[in-house]
Amino acid sequence: MGLLQFPLFQNARTAATPSTPTTSSPLPASQLPPAALRGGSATGSGFRNSVEYRPCRLKGVFVPTSLASPRIVANMGDRGDKNDGSPLISSCMETCDDKQVLDVSGRLPERNFAGTPYVPVYVMLPLGVINMKCEVVDLDGLVKHLRILKSINVDGVMVDCWWGIVESHSPLEYDWHGYKKLFQIIRELKLKLQVVMSFHECGGNVGDDVCIPLPHWVVEIGKSNPDIFFTDREGRRNPECLTWGIDKERVLRGRTALEVYFDFMRSFRVEFDEFFADGVISEIEIGLGPCGELRYPSYPVRHGWRYPGIGEFQCYDQYLLKSLRKAAETRGHFIWARGPDNAGCYNSRPHDTSFFCDGGDYDSYYGRFFLGWYSQVLIDHADRVLALANLAFEGTRIAAKISGIHWWYKTASHAAELAAGFYNPCNRDGYSPIAQMLKKHEVALNFTCAELRTLDQHEDFPEALADPEGLVWQVLNAAWDVGIPVASENALPCYDREGYNKVLENAKPAHDPDGRHLSAFTYLRLSPALMERQNFLEFERFVKRMHGEAVPDPQL
C-alpha cells in the first residue's frame, strides 16, 4: 500500500508553497474542527502527503501563507514560554522558509531543562501500519524509520491493536500474525511498546486516514439490534463503539460486551507472553470509548457536529434508558426518567439553551440528578473494564486515556464536557472521581492537548471560550493528588518549538515543590512531515530536553 514510503528530511522549502492536500476530507477545510478534538491514538493524522502540513494551520483550519498576517513574521523571535504576539506562531512555523525562522532576533530566553527528570518519549505509529488482512504495511519503510527514531534515543512506539482487524470475522477467532511480526521488529531494534486495546472504529473522525470498522459480526448484530450503539435524542446511531448499556447484556452471540473485551485482552496476553516476559511491552492502554478515550461520543462529525458546538447527550439506546429509569425510580422521581429536552443540538452554544446557560437547568435538582447519573455510567464502565484488564495483564502497567474537551471551559456549565460525560461545571470537580476510580485499579492517566496554549485558542476561536491550559492543569492535579502516574500526548501534529516548549512546561512544571512530572509522553504521530529535515531536528532537540539532557545551542 506504500503508506510508509517517503524520503527522510524532505526539503522543507519545496513543501512550503500552498497546495491542495492530496488526502481528501469529508468536510470543507473551513469547517474542520481543531485537531485537539481528534482523539489521540485513533484519530491523529497518519501518513499523508507532506504538502498538507505546510500551509499555515489555524487549529484545524488551513490558511494559505499568502493570508498570514505580517505580525506573525514580526513576532517570530518571541519564542519564550509566554508570548503576546500572534496566536498563529505555533501553527505557522512550517509556513515560513528557513531564513525567516533562523534570522530573527530578540528571542526570549528558554527554560533550561538540563538535569531535569527523564521523561520517556514514545511515537505513535500510523493508524494503518497493520492492514485489514493483519499484515504489516511496507515493512522495509517501517524498519528504516524506526531505526531513525532509535538513532535519536526515542524510547519506544505506540501501536493500536484493532478489534476490528483481529476478531473481524467470527467471535473468539483471533488473528494476531501481523502484530507478532511488527512486535518482533520493534524488539530487535530495542524499542519499547505501548499497546492500545482499540475497541472502537477508525475512519469516522477528522484526521482518520484509514477505515477500520468494528468486527463484521458485531456490525451484523447491530443491523438487527441497533441499540447496541450509542444513540442521540433524534435516534441517530453511532457505530464508533458499543454503548456501555450492554456491558452486562448478553447480546453479542451469547456474550456480554465485558466478556468480549476480556476475551480479546486475554487472547493478546497469551499470544504475546514472550514480549511481556522480556519487558518489551511497557504499557497497555485500554480503549474505553470513541477514539479509545473515556467519554461519550458526544460530538460526532458524521452527525453534523462542528467546532465549537456543545455536542449532545448520548443516552437514548434502550439499555441506557432502562438504566436511567431505574435510577429515577430509586430516587423517587419517575418523571426524571428522561434526557433534557432543552439542551440544544450538536452545534448549539451554551447561552442558546435553557439547560446549559448561566443559571440554567444543568444546576437544577433534575439537572444534577441527570448529570450525576450520566457521568456515573461513564465511571462505572471504566471501573468494570479496568478491573478485567488488571486480571488479563497482571503485573503490567495499564493506562486509560481522558480526552481534552477544552472548549466552553470558561463558562459556568462547561457544556461540552457535560455532554461528553465529565460532570465538571464551575462549582464541581468532575475529574477527581475519575482519578479516584483509576487509583482504585492503579491505572495511569493519559491526557491529551499537552501542547495547546489558551492564548492561541482565544485568538483563533474567541467564541469558544476555551482554556486548554486550565483544563490540563486541573486534570493533572486531580491525578497527582491521588498518586497515580500521568502521561500525555499532543492533540495535533506539532513541529515547532513553541508547541514543544508548552509540552515541556506541562511535563516538568517549574518550581513544583514535590518535583512532580509526567511519567511519559507519546508523540502524535510518525508522518512524512515529521521526517522533514527542520522538523526532525526540532523533534530531536525536544527528545533531548524531555530526557533532561543539555542542549548546546538553545537558540538553534
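Any Cβ shown, glycine's included, is placed from N, Cα and C.
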When TrEMBL is consulted, the range among 14-43, 74-103, 224-253 described as region 'Disordered' turns out to be 14-43
Cα separation, Glu489 (active site, proton acceptor) to Asp208 (substrate binding site) (Å, whole number): 17
With a 10 Å radius around each C-beta, find which of these binding-site residues (His406, Arg525) has the fewest other C-beta atoms nearby. Arg525
At a 10 Å cut-off from the C-beta of Asp160 (substrate binding site), count the other C-beta atoms across all protein chains. 27
Can you tell me the CA-to-CA distance separating Glu293 (active site, proton donor) and Asn490 (substrate binding site), as a whole number of Å? 14
Using C-alpha atoms only, work out the spacing between Asp160 (substrate binding site) and Glu489 (active site, proton acceptor) and round it to an integer in Å. 15
Just to be sure I understand the packing, how many Cβ atoms besides its own are within 10 Å of the Cβ of Asp208 (substrate binding site)? 24
